[in-house]
């Protein structure tokens with residue numbers, strides 16, 4: 001496995017592979033890797049000839065400096081996991097490498113997909129995501145890029161970003177990996193106590209209850225949201241950020257629960273903010 005710390009090293013290796021006719025797959029991460037990331041690596045390896053993983057905690061996407069400071073780091077463990085999964089190249093830059101002149105004063109937006117969810121509750125977050133992805137795509141020049149659907153809005157934004165700018169990159173969304181009890185795997189879970197992990201299972205239970213209500217025939221989104229919210233309100237440890245039911249393609253509000261549907265929750269368990277979602281396909285009447 002090759003480990004690169006500069007864009008020049010990455011570009012040199014990628015150009016060599018492309019000269020050999022190899023297709024490049026890319027999985028950008030912020031490190032503290034877990035089995036959810038490993039599933040992205042496996043998807044990438046199955047589709048691409050060469051797999052590149054980046055590990056970079058991007059300061060531009062944190063609207064809370066304390067959240068950035070507390071983001072977990074385990075570089076040694078991350079490299080071991082990448083090697084065990086047969087990743088070909090790990091790009092391990094630092095902040096000065098990605099932003100040599102500091103974080104630039106440029107704003108990247110896709111307004112139609114940034115009217116709700118994390119775009120509203122974390123101002124500036126997705127602008128920072130799009131900025132770093134733009135740079136990483138420039139350095140890695142991938143044919144395919146893989147993103148987990150746990151961060152569903154991010155996946156939609158990056159897919160639309162590539163389409164709008166005519167990047168020759170296929171953006172592939174991969175299903176959320178969960179614990180045996182249903183908790184979506186996340187690097188932030190490491191900051192939860194065992195009691196908080198138990199409480200956080202209510203997020204998935206709320207989503208599954210919403211799914212069951214919709215498939216039972218309920219068409220009113222407000223009614224389903226109230227039923228889902230009751231589950232979360234049963235715990236004093238959960239502080240709801242948002243609970244939304246939206247069109248899964250456009251992120252627009254729904255008046256009737258039909259077609260492609262996104263159920264999305266963000267909530268704080270203690271100081272830790274977790275997100276999760278389900279997507280449903282409901283036949284129209």
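Every residue gets a Cβ built from N, Cα and C, even glycine.
Feature annotation from Swiss-Prot assigns ATP binding site to 30-37, 148-151, 177, 185-188. Taken from Swiss-Prot, the feature active site, proton donor applies to 37, supported by sequence analysis. Under the heading beta-alanine binding site, Swiss-Prot lists 61, citing sequence analysis as support. Annotation source Swiss-Prot lists (R)-pantoate binding site at 61, 154, citing sequence analysis.
Projection of Swiss-Prot feature records onto the structure.
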{"residue": "30", "record": "ATP binding site", "Cβ contacts under 8 Å, 6 or more apart": "55, 56, 57, 58, 71, 187"}
{"residue": "33", "record": "ATP binding site", "Cβ contacts under 8 Å, 6 or more apart": "55, 74, 77, 78, 81, 82, 187"}
{"residue": "36", "record": "ATP binding site", "Cβ contacts under 8 Å, 6 or more apart": "148, 150, 176, 177, 184, 185, 186"}
{"residue": "37", "record": "active site, proton donor", "Cβ contacts under 8 Å, 6 or more apart": "27, 29, 81, 148"}
{"residue": "61", "record": "beta-alanine binding site", "Cβ contacts under 8 Å, 6 or more apart": "124, 125, 126, 127, 128, 129, 131, 132"}
{"residue": "149", "record": "ATP binding site", "Cβ contacts under 8 Å, 6 or more apart": "155, 173, 174, 175, 176, 277, 279"}
{"residue": "154", "record": "(R)-pantoate binding site", "Cβ contacts under 8 Å, 6 or more apart": "118, 126, 129, 147"}
Point to revise | DSSP-derived class (H/G/I helix, E/B strand, else coil) of residue 33 (ATP binding site) | key: coil
Study note, to complete from the structure: Around the Cβ of residue 187 (ATP binding site), other Cβ atoms found within 10 Å total 19
Check your understanding: Can you count the other CB atoms that lie within 10 A of the CB of residue 177 (ATP binding site)?
Key -> 17
